[in-house]
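Engineer: Attaching a single structure in structure tokens format; questions to follow.
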Amino acid sequence: MSLLIRGATVVTHEESYPADVLCVDGLIRAIGPNLEPPTDCEILDGSGQYLMPGGIDPHTHMQLPFMGTVASEDFFSGTAAGLAGGTTSIIDFVIPNPQQSLLEAFHTWRGWAQKSASDYGFHVAITWWSEQVAEEMGELVAKHGVNSFKHFMAYKNAIMAADDTLVASFERCLQLGAVPTVHAENGELVYHLQKKLLAQGMTGPEAHPLSRPSQVEGEAASRAIRIAETIGTPLYVVHISSREALDEITYARAKGQPVYGEVLPGHLLLDDSVYRDPDWATAAGYVMSPPFRPREHQEALWRGLQSGNLHTTATDHCCFCAEQKAMGRDDFSRIPNGTAGIEDRMAVLWDAGVNSGRLSMHEFVALTSTNTAKIFNLFPRKGAIRVGADADLVLWDPQGTRTLSAQTHHQRVDFNIFEGRTVRGVPSHTISQGKVLWADGDLRRRGRGGAVCGTAGVSVGVRGAGATRRTAAPDARSALRPLGLLRSPSPASQI
């Protein structure tokens, strides 16, 4: 099975140049001018378009059991929507219940993911601590290719990891060469503020951002960063939404600490006024955590991307329909937290970032694909256009337009946080494993994707929109071999 993309401009995180790209058996076989197609080769005309690495979304929650319900998007529908938006790989989250075996939860999620339309991998959440958890973390790294563990510093009385769990788990991550990640919100403060607001009679969505002010994110980010600094492990902070949290990351990185930050397009574009919409269902549709914030935080986040102190863009794609959101009609703290975004992430970032001059094309590639691949040790197998890399590509039409709407999107949810926004710059074709799965509005994927596992240890040479930062990866990485891969893993980047 072969595919030749002709006449496009190849755009990577470092350079752009005109070239043909030949894909054979799921890999990039050749790059150059005027390539000759092999027999029975599909030819795709890329004239006037950019050929970029397929998007990698490092933060999704498909069919997540959460807050008394289950997210409406399953692994097939969610990854199919991702293909429609140019995303060819996701990293989802295994979230065990407290006291549940990590391995048991991992196999449950892995079973759900078998129907994925594109490639996938997993972070595993640490929701409790014991010697069993420590042992199973080791098995997940050694036998199942897991190389990152998530810690929720929020959601008290549910999945929140207290400081003793953070310390123990970060230490274990260091031993294994895995990357600890955190949802940085002070869960005790959030719980206190929720109860206080409810006692004052504030029950609607407008209370949601008041219960999770930027200070609770800044405090938690600071605490996680200091714990990681003391233990000596890298740290990845998910969905940064506030100036305070960004300041903590910036300060740590200025001292040479390997801390990486993730941002969502919604936090770059939307503000907290959405929670004051007079229509309850509309306001509730925006409820996620951390919440959307006052406009000054958005400008700070753009500066974080431009300075290289924020490194990836994700979606935290976790869909709940209006009927599910209505579970919190009389108590905002019971509104299921989550919004969609996997289909819109890349187009929104291109339109708001590249078209506005805030980001270059190369920075766009880094933020949507390459940096995630580097941090989670999938580079150069993914996030790159080079011979031997996976043929996961997106052919991007810089003049194409799309109006974002729940009426037309492929996400399995009845709400779109970008409703009515028209973007310029969209994927015309999405290619996964060398096959065209999205073509000018036609979703061709009906089969299965495959598991994508990294090697343990944070990669190096991660580039944000600013200068490259070089950080040593844990030595344990070289002793670990991922299993369950579609193809042999490539070594971590050493640029």
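Please read every residue number as a count from 1 along the shown chain.
A Cβ is built for glycine as well, from the same backbone N, Cα and C atoms used for every other residue.
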Engineer: Name the one residue among His107, His208, His239, His267 that Swiss-Prot lists for the same Zn(2+) 2 site as Lys150, His183.
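Structural biologist: Only hit among His107, His208, His239, His267 in Swiss-Prot's Zn(2+) 2 site, alongside Lys150, His183: His239.
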Engineer: His59, His61, Lys150 bind Zn(2+) 1 in Swiss-Prot, but which of Asp279, Asp316, Asp330 does that record place at the same site?
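Structural biologist: So, going by the record in Swiss-Prot, that would be Asp316.
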Engineer: From Ser116, Ser118, Ser289, Ser369, grab the residue that Swiss-Prot records in the same substrate site as Tyr155, Asn337.
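Structural biologist: According to Swiss-Prot, the candidate sharing the substrate site with Tyr155, Asn337 is Ser289.
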Engineer: Have a look at the binding-site residues His183, His239, Asn337 and say which one has the shortest Cα distance to His59 (Zn(2+) 1 binding site).
Structural biologist: His239
Engineer: In sequence order, which same-chain residues at least six apart have a C-beta under 8 angstroms from Asn337 (substrate binding site)?
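Structural biologist: In sequence order, Phe66, Met67, Val287, Met288, Ser289, Cys318 meet the Cβ cut-off.
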Engineer: Whose Cβ lies within 8 Å of the mean position of the Cβ atoms of Lys150, His183, His239, the Zn(2+) 2 site, other than those residues?
Structural biologist: His59, His151, Phe152, Thr181, Val182, Ala184, Val237, Val238, Asp316
Engineer: Starting from the Cβ centroid of His59, His61, Lys150, Asp316, which together make up the recorded Zn(2+) 1 site, report each further residue of the same chain whose Cβ lies within 8 Å of that point, ordered by sequence.
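Structural biologist: After dropping the recorded site residues, what remains is Thr60, Asp92, Phe93, His123, His183, Val238, His239, Ala314, His317, Cys318.
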Engineer: Based on Cα coordinates, which of the following binding-site residues are within 10 Å of Asp316 (Zn(2+) 1 binding site): Tyr155, His183, His239?
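Structural biologist: Among Tyr155, His183, His239, the ones whose Cα sits within 10 Å of that of Asp316 (Zn(2+) 1 binding site) are His239.
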Engineer: Rounded to an integer, what is the Cα-Cα distance in Å between Tyr155 (substrate binding site) and His239 (Zn(2+) 2 binding site)?
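Structural biologist: Between the alpha carbons of Tyr155 (substrate binding site) and His239 (Zn(2+) 2 binding site) there are 15 Å.
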